[in-house]
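Student: Attaching a single structure in C-alpha coordinates format; questions to follow.
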Amino acid sequence: MSLLELDGVETYYGESHILEGVDLEIEEGEVVALMGRNGVGKTTTLRSILQLTPPREGSIRYRGEELVGKETHEVADAGVGWIPEDRRMFSQLTVEENVRIAVPKGSDVEAGLELAWDAFPDLEEIRDRDAGDLSGGQQQMLAIARGLVGENDLLLVDEPSEGLAPLIVEAVHDALEAVAGETTILLVEQNLPMALDLADRFYVLDHGVVVDSGDADEVSTDSERLRRHLSA
Amino acid sequence: MTGTVLAPLFVDALGEFFRPGTLSEVLLNGLSKAALYAMIASGLTLVFGLLGVLNFAHGSFTMLGAYLGGLVMVVLVGSATGDLARVLFFLVGTLVVFAAIGALGGAVEVGLIRQLYDRPPIYQILLTFGLALVLDEGARIVVAFYGLQPITDWRDALGTKPGFMAENLEVAGLTVAPLALFQIVFGVVTIGAVWLFLTRTRYGMVVRAGSEDDEMTAALGIDVNRVFTTVFALGSAVAGVAGMLLMWDPVWGASLPLAHETLLPAFVVVIVGGLGTFRGTVVAAGLVGLVDATMTWWFQNAITFTGLPEMMIFLVLVLTLIVRPQGLFGVEEVGGH
(Lines of atoms letter the chains of each structure in order from A and count residues from 1; the text may use other names and numbers.)
(Lines give C-alpha, C1' and ligand atoms only; values in the text may rest on other atoms or scores of the structure.)
Protein backbone atom coordinates (compact mmCIF):
# COMPACT_ATOMS: atom_id res chain seq x y z
CA MET A 1 0.00 0.00 0.00
CA SER A 2 1.36 3.41 -0.97
CA LEU A 3 1.62 6.16 1.62
CA LEU A 4 -0.37 8.52 -0.60
CA GLU A 5 -2.50 7.74 -3.63
CA LEU A 6 -4.32 10.23 -5.81
CA ASP A 7 -6.78 8.68 -8.19
CA GLY A 8 -8.63 10.75 -10.80
CA VAL A 9 -8.58 13.92 -8.72
CA GLU A 10 -10.61 16.75 -10.25
CA THR A 11 -10.50 20.12 -8.52
CA TYR A 12 -12.14 23.41 -9.42
CA TYR A 13 -11.82 27.05 -8.35
CA GLY A 14 -15.38 28.19 -8.89
CA GLU A 15 -16.09 27.20 -12.48
CA SER A 16 -12.40 26.91 -13.44
CA HIS A 17 -11.42 23.28 -13.87
CA ILE A 18 -7.85 23.12 -12.52
CA LEU A 19 -7.08 19.43 -11.92
CA GLU A 20 -8.58 17.24 -14.63
CA GLY A 21 -7.93 13.79 -13.24
CA VAL A 22 -4.60 13.67 -11.43
CA ASP A 23 -3.19 10.25 -10.56
CA LEU A 24 -0.05 9.82 -8.50
CA GLU A 25 1.42 7.60 -5.83
CA ILE A 26 4.07 8.16 -3.19
CA GLU A 27 5.77 5.40 -1.25
CA GLU A 28 6.92 5.81 2.32
CA GLY A 29 10.40 7.38 2.60
CA GLU A 30 10.42 8.76 -0.94
CA VAL A 31 11.03 12.30 -2.12
CA VAL A 32 8.78 12.92 -5.10
CA ALA A 33 9.08 16.06 -7.20
CA LEU A 34 5.95 17.49 -8.80
CA MET A 35 7.00 19.69 -11.69
CA GLY A 36 5.31 21.77 -14.34
CA ARG A 37 4.95 25.29 -15.66
CA ASN A 38 3.20 28.04 -13.70
CA GLY A 39 -0.53 27.56 -13.39
CA VAL A 40 -0.72 23.87 -14.32
CA GLY A 41 -2.13 22.84 -10.93
CA LYS A 42 0.87 21.93 -8.74
CA THR A 43 -0.16 24.05 -5.75
CA THR A 44 -3.79 23.04 -6.29
CA THR A 45 -2.71 19.40 -6.02
CA LEU A 46 -1.20 20.11 -2.59
CA ARG A 47 -4.27 22.12 -1.54
CA SER A 48 -6.50 19.25 -2.67
CA ILE A 49 -4.54 16.74 -0.57
CA LEU A 50 -4.89 19.05 2.46
CA GLN A 51 -8.62 19.54 1.72
CA LEU A 52 -8.09 23.30 1.60
CA THR A 53 -9.57 23.13 -1.90
CA PRO A 54 -11.45 19.84 -1.77
CA PRO A 55 -11.74 17.91 -5.05
CA ARG A 56 -15.15 17.46 -6.62
CA GLU A 57 -14.22 14.06 -8.07
CA GLY A 58 -11.65 11.40 -7.39
CA SER A 59 -10.03 9.86 -4.40
CA ILE A 60 -7.07 10.79 -2.17
CA ARG A 61 -5.99 7.99 0.14
CA TYR A 62 -3.38 8.36 2.86
CA ARG A 63 -2.25 5.08 4.38
CA GLY A 64 -5.30 3.62 2.69
CA GLU A 65 -7.67 6.06 4.39
CA GLU A 66 -9.80 8.40 2.27
CA LEU A 67 -8.97 12.08 2.87
CA VAL A 68 -11.69 13.58 0.66
CA GLY A 69 -14.46 14.81 2.95
CA LYS A 70 -12.21 15.28 5.94
CA GLU A 71 -11.43 18.66 7.51
CA THR A 72 -7.96 20.15 6.95
CA HIS A 73 -7.03 19.78 10.62
CA GLU A 74 -7.92 16.08 10.45
CA VAL A 75 -5.62 15.64 7.45
CA ALA A 76 -2.86 17.39 9.41
CA ASP A 77 -3.58 15.24 12.47
CA ALA A 78 -3.17 12.15 10.29
CA GLY A 79 0.44 13.22 9.70
CA VAL A 80 0.40 15.41 6.59
CA GLY A 81 2.39 18.65 6.96
CA TRP A 82 2.56 21.67 4.68
CA ILE A 83 5.33 24.12 3.91
CA PRO A 84 3.45 26.55 1.69
CA GLU A 85 4.66 28.55 -1.27
CA ASP A 86 4.82 31.95 0.42
CA ARG A 87 5.89 30.53 3.84
CA ARG A 88 2.82 31.97 5.51
CA MET A 89 4.48 32.81 8.80
CA PHE A 90 2.29 34.10 11.57
CA SER A 91 3.96 37.48 11.33
CA GLN A 92 2.71 38.81 14.67
CA LEU A 93 3.84 35.71 16.55
CA THR A 94 7.48 35.36 17.56
CA VAL A 95 9.80 32.83 15.96
CA GLU A 96 9.44 30.61 19.02
CA GLU A 97 5.64 30.86 18.99
CA ASN A 98 5.63 29.90 15.30
CA VAL A 99 7.50 26.73 16.24
CA ARG A 100 5.46 26.09 19.39
CA ILE A 101 2.15 26.22 17.54
CA ALA A 102 3.39 23.60 15.08
CA VAL A 103 4.13 21.06 17.83
CA PRO A 104 1.13 18.71 17.91
CA LYS A 105 -1.11 18.96 20.95
CA GLY A 106 -0.02 16.52 23.61
CA SER A 107 3.55 16.31 22.31
CA ASP A 108 6.58 17.57 24.20
CA VAL A 109 6.87 21.25 23.26
CA GLU A 110 10.36 21.64 24.71
CA ALA A 111 11.57 18.63 22.71
CA GLY A 112 10.03 20.21 19.60
CA LEU A 113 11.87 23.46 20.25
CA GLU A 114 15.13 21.57 20.79
CA LEU A 115 14.64 19.79 17.48
CA ALA A 116 14.04 23.09 15.68
CA TRP A 117 17.01 24.86 17.29
CA ASP A 118 19.31 21.89 16.59
CA ALA A 119 18.32 21.94 12.93
CA PHE A 120 18.46 25.73 12.61
CA PRO A 121 20.72 27.26 15.30
CA ASP A 122 20.32 30.72 13.74
CA LEU A 123 16.61 30.63 14.56
CA GLU A 124 17.30 30.09 18.25
CA GLU A 125 19.21 33.36 18.36
CA ILE A 126 16.18 35.25 17.06
CA ARG A 127 13.54 33.20 18.86
CA ASP A 128 11.95 36.30 20.46
CA ARG A 129 11.73 38.32 17.25
CA ASP A 130 8.40 38.69 15.43
CA ALA A 131 8.33 36.37 12.42
CA GLY A 132 7.14 39.28 10.28
CA ASP A 133 10.54 40.95 10.78
CA LEU A 134 12.55 38.03 9.35
CA SER A 135 14.28 37.95 5.97
CA GLY A 136 12.95 35.64 3.24
CA GLY A 137 15.64 33.08 3.96
CA GLN A 138 14.99 33.12 7.70
CA GLN A 139 11.27 32.75 7.06
CA GLN A 140 11.90 29.73 4.83
CA MET A 141 14.05 28.14 7.54
CA LEU A 142 11.29 28.78 10.04
CA ALA A 143 8.73 27.26 7.67
CA ILE A 144 10.85 24.12 7.36
CA ALA A 145 11.39 24.05 11.13
CA ARG A 146 7.62 24.22 11.56
CA GLY A 147 7.22 21.26 9.23
CA LEU A 148 9.98 19.41 11.07
CA VAL A 149 8.46 19.68 14.55
CA GLY A 150 4.98 18.74 13.32
CA GLU A 151 5.83 15.02 13.59
CA ASN A 152 4.60 14.55 10.02
CA ASP A 153 5.00 11.38 8.00
CA LEU A 154 4.43 13.28 4.76
CA LEU A 155 5.51 16.83 4.03
CA LEU A 156 4.00 18.81 1.18
CA VAL A 157 6.64 21.37 0.27
CA ASP A 158 5.68 24.12 -2.17
CA GLU A 159 8.34 26.15 -4.03
CA PRO A 160 10.81 26.37 -1.12
CA SER A 161 13.47 28.17 -3.18
CA GLU A 162 11.20 30.79 -4.70
CA GLY A 163 12.49 34.34 -4.37
CA LEU A 164 15.60 33.37 -2.39
CA ALA A 165 19.24 34.29 -3.05
CA PRO A 166 21.43 31.40 -4.39
CA LEU A 167 23.30 31.04 -1.12
CA ILE A 168 20.03 30.72 0.80
CA VAL A 169 18.68 28.25 -1.78
CA GLU A 170 21.68 26.07 -1.02
CA ALA A 171 20.90 26.21 2.70
CA VAL A 172 17.25 25.35 2.02
CA HIS A 173 18.39 22.42 -0.15
CA ASP A 174 20.58 21.13 2.68
CA ALA A 175 17.79 21.53 5.21
CA LEU A 176 15.33 19.63 3.03
CA GLU A 177 17.91 16.94 2.38
CA ALA A 178 18.24 16.46 6.12
CA VAL A 179 14.45 16.36 6.57
CA ALA A 180 14.16 13.87 3.68
CA GLY A 181 16.02 11.31 5.72
CA GLU A 182 13.19 11.36 8.28
CA THR A 183 10.08 12.14 6.28
CA THR A 184 8.39 11.42 2.98
CA ILE A 185 8.25 14.57 0.84
CA LEU A 186 6.10 15.69 -2.06
CA LEU A 187 8.09 18.61 -3.45
CA VAL A 188 6.76 21.25 -5.82
CA GLU A 189 9.78 23.08 -7.17
CA GLN A 190 10.59 25.14 -10.27
CA ASN A 191 14.32 24.97 -9.57
CA LEU A 192 15.04 21.85 -11.63
CA PRO A 193 18.58 21.10 -10.37
CA MET A 194 17.39 21.27 -6.79
CA ALA A 195 14.23 19.23 -7.46
CA LEU A 196 16.04 16.47 -9.31
CA ASP A 197 18.86 16.35 -6.80
CA LEU A 198 16.49 15.87 -3.88
CA ALA A 199 13.91 13.66 -5.56
CA ASP A 200 13.79 9.91 -6.01
CA ARG A 201 10.98 10.15 -8.52
CA PHE A 202 9.16 12.89 -10.40
CA TYR A 203 5.79 13.68 -11.92
CA VAL A 204 5.21 16.33 -14.56
CA LEU A 205 1.87 18.09 -14.55
CA ASP A 206 0.42 19.94 -17.55
CA HIS A 207 -3.06 21.47 -17.80
CA GLY A 208 -4.22 19.61 -14.72
CA VAL A 209 -3.13 16.10 -15.72
CA VAL A 210 0.04 14.07 -15.16
CA VAL A 211 1.85 13.89 -18.53
CA ASP A 212 5.10 12.23 -17.48
CA SER A 213 6.65 10.44 -14.53
CA GLY A 214 9.70 8.40 -13.72
CA ASP A 215 12.83 8.05 -11.65
CA ALA A 216 14.74 11.26 -11.03
CA ASP A 217 18.00 9.74 -12.20
CA GLU A 218 16.44 8.91 -15.60
CA VAL A 219 16.44 12.59 -16.55
CA SER A 220 18.72 15.59 -16.34
CA THR A 221 17.96 19.30 -16.14
CA ASP A 222 18.51 19.79 -19.85
CA SER A 223 16.86 16.60 -21.12
CA GLU A 224 14.39 17.07 -23.94
CA ARG A 225 11.89 14.93 -22.02
CA LEU A 226 11.53 17.56 -19.31
CA ARG A 227 12.07 20.66 -21.44
CA ARG A 228 9.11 19.69 -23.60
CA HIS A 229 6.78 20.18 -20.65
CA LEU A 230 8.59 22.71 -18.50
CA SER A 231 9.92 25.38 -20.85
CA ALA A 232 7.74 28.44 -21.36
CA MET B 1 -20.03 91.91 19.88
CA THR B 2 -20.89 88.21 20.31
CA GLY B 3 -17.22 87.38 20.64
CA THR B 4 -16.71 89.88 23.43
CA VAL B 5 -19.66 88.35 25.35
CA LEU B 6 -18.65 84.70 24.81
CA ALA B 7 -14.95 85.11 25.52
CA PRO B 8 -15.30 85.72 29.27
CA LEU B 9 -17.77 82.79 29.52
CA PHE B 10 -15.28 80.52 27.80
CA VAL B 11 -12.46 81.69 30.08
CA ASP B 12 -14.68 81.04 33.13
CA ALA B 13 -15.50 77.54 31.86
CA LEU B 14 -11.85 76.88 31.17
CA GLY B 15 -11.00 77.86 34.74
CA GLU B 16 -13.74 75.62 36.09
CA PHE B 17 -12.64 72.69 33.88
CA PHE B 18 -9.06 72.84 35.17
CA ARG B 19 -10.15 72.94 38.80
CA PRO B 20 -8.75 69.72 40.45
CA GLY B 21 -12.23 68.65 41.52
CA THR B 22 -13.60 68.94 37.97
CA LEU B 23 -10.56 67.40 36.30
CA SER B 24 -10.59 64.39 38.61
CA GLU B 25 -14.31 63.90 37.98
CA VAL B 26 -13.86 64.11 34.18
CA LEU B 27 -10.80 61.87 34.25
CA LEU B 28 -12.52 59.23 36.35
CA ASN B 29 -15.63 59.42 34.20
CA GLY B 30 -13.49 59.12 31.06
CA LEU B 31 -11.56 56.12 32.36
CA SER B 32 -14.74 54.35 33.44
CA LYS B 33 -16.20 54.87 29.96
CA ALA B 34 -12.89 53.67 28.50
CA ALA B 35 -13.06 50.50 30.60
CA LEU B 36 -16.60 49.79 29.45
CA TYR B 37 -15.84 50.58 25.80
CA ALA B 38 -12.74 48.38 25.94
CA MET B 39 -14.76 45.47 27.33
CA ILE B 40 -17.45 45.76 24.68
CA ALA B 41 -15.14 46.56 21.77
CA SER B 42 -12.55 43.88 22.58
CA GLY B 43 -15.06 41.14 21.77
CA LEU B 44 -16.06 42.93 18.59
CA THR B 45 -12.46 43.25 17.45
CA LEU B 46 -11.50 39.67 18.39
CA VAL B 47 -14.44 38.34 16.41
CA PHE B 48 -13.61 40.52 13.42
CA GLY B 49 -9.90 39.71 13.59
CA LEU B 50 -10.42 35.96 13.67
CA LEU B 51 -13.71 35.37 11.86
CA GLY B 52 -13.80 38.45 9.64
CA VAL B 53 -17.34 39.09 10.84
CA LEU B 54 -18.62 42.52 11.86
CA ASN B 55 -21.17 41.55 14.47
CA PHE B 56 -24.03 44.03 14.57
CA ALA B 57 -25.71 41.97 17.30
CA HIS B 58 -22.82 42.61 19.71
CA GLY B 59 -24.60 45.50 21.45
CA SER B 60 -27.60 43.24 21.98
CA PHE B 61 -25.40 40.86 23.98
CA THR B 62 -24.48 43.83 26.21
CA MET B 63 -28.16 44.71 26.62
CA LEU B 64 -29.08 41.08 27.43
CA GLY B 65 -26.18 40.96 29.91
CA ALA B 66 -27.55 44.03 31.64
CA TYR B 67 -31.04 42.55 31.96
CA LEU B 68 -29.81 39.09 32.98
CA GLY B 69 -27.39 40.58 35.52
CA GLY B 70 -30.16 42.81 36.80
CA LEU B 71 -32.45 39.80 37.15
CA VAL B 72 -29.83 37.92 39.19
CA MET B 73 -29.36 40.94 41.46
CA VAL B 74 -33.09 41.61 41.89
CA VAL B 75 -33.64 37.96 42.82
CA LEU B 76 -30.69 37.74 45.24
CA VAL B 77 -30.68 41.19 46.85
CA GLY B 78 -33.23 42.23 49.44
CA SER B 79 -33.60 45.54 51.25
CA ALA B 80 -31.66 44.13 54.24
CA THR B 81 -28.74 42.90 52.11
CA GLY B 82 -25.49 44.57 53.15
CA ASP B 83 -23.04 46.29 50.80
CA LEU B 84 -20.43 43.53 50.87
CA ALA B 85 -23.04 40.88 50.11
CA ARG B 86 -24.29 43.02 47.20
CA VAL B 87 -20.78 43.12 45.74
CA LEU B 88 -20.44 39.34 46.19
CA PHE B 89 -23.81 38.77 44.53
CA PHE B 90 -22.62 41.02 41.72
CA LEU B 91 -19.66 38.70 41.19
CA VAL B 92 -22.04 35.70 41.19
CA GLY B 93 -24.18 37.55 38.64
CA THR B 94 -21.10 38.20 36.54
CA LEU B 95 -20.36 34.48 36.36
CA VAL B 96 -23.97 33.73 35.41
CA VAL B 97 -23.94 36.40 32.70
CA PHE B 98 -20.53 35.28 31.42
CA ALA B 99 -21.71 31.69 31.11
CA ALA B 100 -25.18 32.41 29.71
CA ILE B 101 -24.23 35.10 27.18
CA GLY B 102 -21.13 33.12 26.23
CA ALA B 103 -23.29 30.06 25.56
CA LEU B 104 -25.72 32.18 23.52
CA GLY B 105 -22.81 33.62 21.51
CA GLY B 106 -21.39 30.15 20.89
CA ALA B 107 -24.78 28.90 19.73
CA VAL B 108 -25.16 31.89 17.37
CA GLU B 109 -21.74 31.17 15.82
CA VAL B 110 -22.40 27.46 15.36
CA GLY B 111 -26.04 27.74 14.32
CA LEU B 112 -26.06 30.86 12.18
CA ILE B 113 -22.80 32.57 11.37
CA ARG B 114 -20.84 29.42 10.47
CA GLN B 115 -23.25 28.77 7.62
CA LEU B 116 -22.20 32.01 5.92
CA TYR B 117 -18.38 32.03 6.14
CA ASP B 118 -18.04 31.17 2.46
CA ARG B 119 -20.41 33.95 1.41
CA PRO B 120 -19.51 37.62 0.80
CA PRO B 121 -19.33 39.81 3.97
CA ILE B 122 -22.67 41.49 3.21
CA TYR B 123 -24.44 38.21 4.12
CA GLN B 124 -22.84 38.20 7.59
CA ILE B 125 -23.65 41.88 8.10
CA LEU B 126 -27.29 41.33 7.15
CA LEU B 127 -27.48 38.22 9.33
CA THR B 128 -26.06 39.89 12.44
CA PHE B 129 -28.17 43.00 11.82
CA GLY B 130 -31.26 40.79 11.60
CA LEU B 131 -30.17 38.89 14.69
CA ALA B 132 -29.87 42.18 16.59
CA LEU B 133 -33.44 43.05 15.63
CA VAL B 134 -34.68 39.64 16.74
CA LEU B 135 -32.82 39.79 20.08
CA ASP B 136 -33.93 43.37 20.77
CA GLU B 137 -37.56 42.69 19.92
CA GLY B 138 -37.49 39.43 21.87
CA ALA B 139 -36.18 41.32 24.90
CA ARG B 140 -38.84 44.01 24.37
CA ILE B 141 -41.60 41.38 24.51
CA VAL B 142 -40.21 39.79 27.69
CA VAL B 143 -39.63 43.15 29.38
CA ALA B 144 -43.10 44.40 28.51
CA PHE B 145 -44.63 41.10 29.66
CA TYR B 146 -43.18 41.63 33.12
CA GLY B 147 -44.47 45.20 33.25
CA LEU B 148 -41.12 46.98 32.95
CA GLN B 149 -40.57 50.15 30.96
CA PRO B 150 -38.43 49.05 28.00
CA ILE B 151 -37.03 52.48 27.18
CA THR B 152 -36.07 53.68 30.65
CA ASP B 153 -33.64 52.16 33.15
CA TRP B 154 -34.68 49.17 35.20
CA ARG B 155 -35.03 50.93 38.56
CA ASP B 156 -35.20 47.75 40.65
CA ALA B 157 -31.86 46.60 39.26
CA LEU B 158 -30.33 50.04 39.81
CA GLY B 159 -31.53 49.81 43.41
CA THR B 160 -29.42 46.72 44.10
CA LYS B 161 -26.28 48.84 43.99
CA PRO B 162 -24.36 49.03 47.30
CA GLY B 163 -24.99 52.24 49.21
CA PHE B 164 -21.35 53.34 49.09
CA MET B 165 -21.52 53.48 45.28
CA ALA B 166 -24.50 55.82 45.18
CA GLU B 167 -22.80 59.05 46.23
CA ASN B 168 -19.65 60.83 45.06
CA LEU B 169 -16.89 61.26 47.63
CA GLU B 170 -14.75 64.36 48.19
CA VAL B 171 -11.18 63.30 48.91
CA ALA B 172 -8.59 66.06 49.38
CA GLY B 173 -10.57 68.39 47.15
CA LEU B 174 -11.01 65.78 44.43
CA THR B 175 -14.36 64.34 43.40
CA VAL B 176 -14.33 60.54 43.37
CA ALA B 177 -17.25 58.42 42.11
CA PRO B 178 -16.99 54.94 43.71
CA LEU B 179 -19.09 53.39 40.93
CA ALA B 180 -16.69 54.76 38.29
CA LEU B 181 -13.74 53.40 40.28
CA PHE B 182 -15.47 50.00 40.48
CA GLN B 183 -16.07 50.04 36.71
CA ILE B 184 -12.43 50.92 36.05
CA VAL B 185 -11.08 48.17 38.31
CA PHE B 186 -13.53 45.63 36.90
CA GLY B 187 -12.72 46.65 33.33
CA VAL B 188 -8.95 46.52 33.90
CA VAL B 189 -9.21 43.06 35.49
CA THR B 190 -11.40 41.76 32.64
CA ILE B 191 -9.26 43.23 29.86
CA GLY B 192 -6.13 42.04 31.68
CA ALA B 193 -7.56 38.53 31.86
CA VAL B 194 -8.36 38.54 28.13
CA TRP B 195 -4.87 39.89 27.39
CA LEU B 196 -3.26 37.15 29.50
CA PHE B 197 -5.42 34.57 27.75
CA LEU B 198 -4.28 35.84 24.34
CA THR B 199 -0.59 36.18 25.13
CA ARG B 200 0.19 33.55 27.77
CA THR B 201 -1.85 30.51 26.80
CA ARG B 202 -1.52 28.08 23.90
CA TYR B 203 -5.15 28.70 23.00
CA GLY B 204 -4.50 32.45 22.91
CA MET B 205 -1.56 31.85 20.62
CA VAL B 206 -3.84 29.80 18.38
CA VAL B 207 -6.38 32.65 18.33
CA ARG B 208 -3.69 35.14 17.29
CA ALA B 209 -2.42 32.76 14.63
CA GLY B 210 -5.93 32.09 13.34
CA SER B 211 -6.56 35.83 13.12
CA GLU B 212 -3.68 36.08 10.68
CA ASP B 213 -4.14 32.93 8.63
CA ASP B 214 -6.89 30.43 9.37
CA GLU B 215 -5.85 28.08 6.52
CA MET B 216 -2.29 27.73 7.81
CA THR B 217 -3.59 27.30 11.35
CA ALA B 218 -5.86 24.45 10.22
CA ALA B 219 -2.96 22.89 8.30
CA LEU B 220 -1.09 22.66 11.61
CA GLY B 221 -3.79 20.35 12.93
CA ILE B 222 -5.87 22.91 14.78
CA ASP B 223 -9.66 22.76 14.59
CA VAL B 224 -10.20 26.36 13.54
CA ASN B 225 -14.00 26.06 13.69
CA ARG B 226 -13.77 25.26 17.39
CA VAL B 227 -11.50 28.27 17.90
CA PHE B 228 -14.04 30.45 16.04
CA THR B 229 -16.80 29.28 18.39
CA THR B 230 -14.68 29.86 21.49
CA VAL B 231 -13.71 33.37 20.45
CA PHE B 232 -17.26 34.32 19.48
CA ALA B 233 -18.50 32.98 22.82
CA LEU B 234 -15.75 34.79 24.73
CA GLY B 235 -16.38 38.09 22.95
CA SER B 236 -20.13 37.82 23.56
CA ALA B 237 -19.58 36.89 27.22
CA VAL B 238 -17.33 39.89 27.88
CA ALA B 239 -19.88 42.17 26.18
CA GLY B 240 -22.54 40.68 28.46
CA VAL B 241 -20.40 41.30 31.54
CA ALA B 242 -19.97 44.93 30.44
CA GLY B 243 -23.77 45.11 30.36
CA MET B 244 -23.84 43.81 33.93
CA LEU B 245 -21.62 46.76 34.93
CA LEU B 246 -23.84 49.21 33.06
CA MET B 247 -26.92 47.87 34.86
CA TRP B 248 -25.78 49.72 38.03
CA ASP B 249 -24.88 52.93 36.19
CA PRO B 250 -27.65 55.59 36.32
CA VAL B 251 -26.35 57.11 33.07
CA TRP B 252 -26.95 53.84 31.22
CA GLY B 253 -28.99 51.29 33.24
CA ALA B 254 -30.59 48.09 31.93
CA SER B 255 -32.76 49.21 29.03
CA LEU B 256 -33.40 48.20 25.43
CA PRO B 257 -31.64 51.22 23.84
CA LEU B 258 -28.46 50.01 25.55
CA ALA B 259 -27.95 47.70 22.54
CA HIS B 260 -27.35 50.48 20.01
CA GLU B 261 -26.07 53.03 22.54
CA THR B 262 -23.12 50.74 23.27
CA LEU B 263 -22.70 49.31 19.77
CA LEU B 264 -21.96 52.63 18.09
CA PRO B 265 -19.14 53.74 20.45
CA ALA B 266 -17.76 50.19 20.32
CA PHE B 267 -17.58 50.34 16.52
CA VAL B 268 -15.87 53.73 16.77
CA VAL B 269 -13.31 52.26 19.19
CA VAL B 270 -12.67 49.22 16.98
CA ILE B 271 -12.16 51.34 13.86
CA VAL B 272 -10.02 54.00 15.61
CA GLY B 273 -7.85 51.29 17.18
CA GLY B 274 -7.50 49.38 13.91
CA LEU B 275 -9.86 46.58 12.89
CA GLY B 276 -8.93 43.30 14.51
CA THR B 277 -6.18 44.57 16.83
CA PHE B 278 -6.70 43.99 20.55
CA ARG B 279 -3.97 46.43 21.65
CA GLY B 280 -5.35 49.13 19.35
CA THR B 281 -8.82 48.59 20.76
CA VAL B 282 -7.63 49.11 24.34
CA VAL B 283 -5.73 52.30 23.45
CA ALA B 284 -8.61 53.62 21.34
CA ALA B 285 -11.06 52.88 24.15
CA GLY B 286 -8.96 55.11 26.42
CA LEU B 287 -8.88 57.88 23.83
CA VAL B 288 -12.58 57.72 23.00
CA GLY B 289 -13.58 57.43 26.67
CA LEU B 290 -11.59 60.50 27.66
CA VAL B 291 -12.78 62.55 24.68
CA ASP B 292 -16.35 61.50 25.41
CA ALA B 293 -16.12 62.46 29.10
CA THR B 294 -14.36 65.76 28.37
CA MET B 295 -16.81 66.85 25.70
CA THR B 296 -19.76 65.73 27.80
CA TRP B 297 -18.57 68.07 30.58
CA TRP B 298 -18.08 70.96 28.15
CA PHE B 299 -21.45 70.54 26.52
CA GLN B 300 -23.20 70.19 29.88
CA ASN B 301 -21.45 73.07 31.61
CA ALA B 302 -20.29 75.58 29.02
CA ILE B 303 -22.11 74.97 25.75
CA THR B 304 -25.73 73.94 25.78
CA PHE B 305 -26.36 71.94 22.64
CA THR B 306 -28.19 68.64 23.09
CA GLY B 307 -26.76 65.65 21.26
CA LEU B 308 -23.37 67.13 20.48
CA PRO B 309 -21.38 65.22 23.17
CA GLU B 310 -22.30 61.92 21.53
CA MET B 311 -21.29 63.31 18.16
CA MET B 312 -17.79 64.22 19.29
CA ILE B 313 -16.59 60.62 19.36
CA PHE B 314 -17.59 60.37 15.72
CA LEU B 315 -15.37 63.39 15.09
CA VAL B 316 -12.52 61.28 16.53
CA LEU B 317 -13.51 58.55 14.08
CA VAL B 318 -13.56 60.92 11.10
CA LEU B 319 -10.19 62.45 12.02
CA THR B 320 -8.65 58.99 12.42
CA LEU B 321 -9.98 57.83 9.08
CA ILE B 322 -8.53 60.93 7.40
CA VAL B 323 -5.11 60.83 9.10
CA ARG B 324 -4.64 57.06 9.48
CA PRO B 325 -7.33 55.05 7.66
CA GLN B 326 -6.13 51.69 8.99
CA GLY B 327 -6.54 52.91 12.60
CA LEU B 328 -3.95 53.55 15.31
CA PHE B 329 -2.55 50.00 15.39
CA GLY B 330 -4.20 48.52 12.32
CA VAL B 331 -2.59 46.83 9.37
CA GLU B 332 -3.76 47.45 5.83
CA GLU B 333 -5.53 44.13 5.43
CA VAL B 334 -7.14 42.07 8.19
CA GLY B 335 -9.91 39.54 8.60
CA GLY B 336 -9.95 35.82 8.99
CA HIS B 337 -11.92 35.11 5.83
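From the backbone N, Cα and C atoms, a Cβ is placed for every residue, glycine too.
The annotation transmembrane segment is assigned in TrEMBL to B:34-54, B:61-81, B:87-113, B:125-148, B:171-198, B:227-246, B:266-290, B:302-323.
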Student: Hey, which bits of the same chain come close to the transmembrane segment (B:87-113), Cβ under 8 Å, at least six residues off its ends?
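Tutor: Same-chain contacts beyond the ends: 51, 53, 57, 61, 64-65, 68-69, 72-73, 76-77, 81, 124, 127-128, 131, 160, 162, 228-230, 232-241, 243-244, 248.
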Student: Looking only at the recorded stretches B:34-54, B:125-148, B:227-246, which one has the largest tally of CB-CB distances under 8 Å to the transmembrane segment (B:266-290)?
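Tutor: Counting Cβ pairs under 8 Å, the winner is B:34-54.
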Student: If I count Cβ-Cβ pairs under 8 A between the transmembrane segment (B:171-198) and each of B:61-81, B:125-148, B:227-246, which range comes out on top?
Tutor: B:227-246
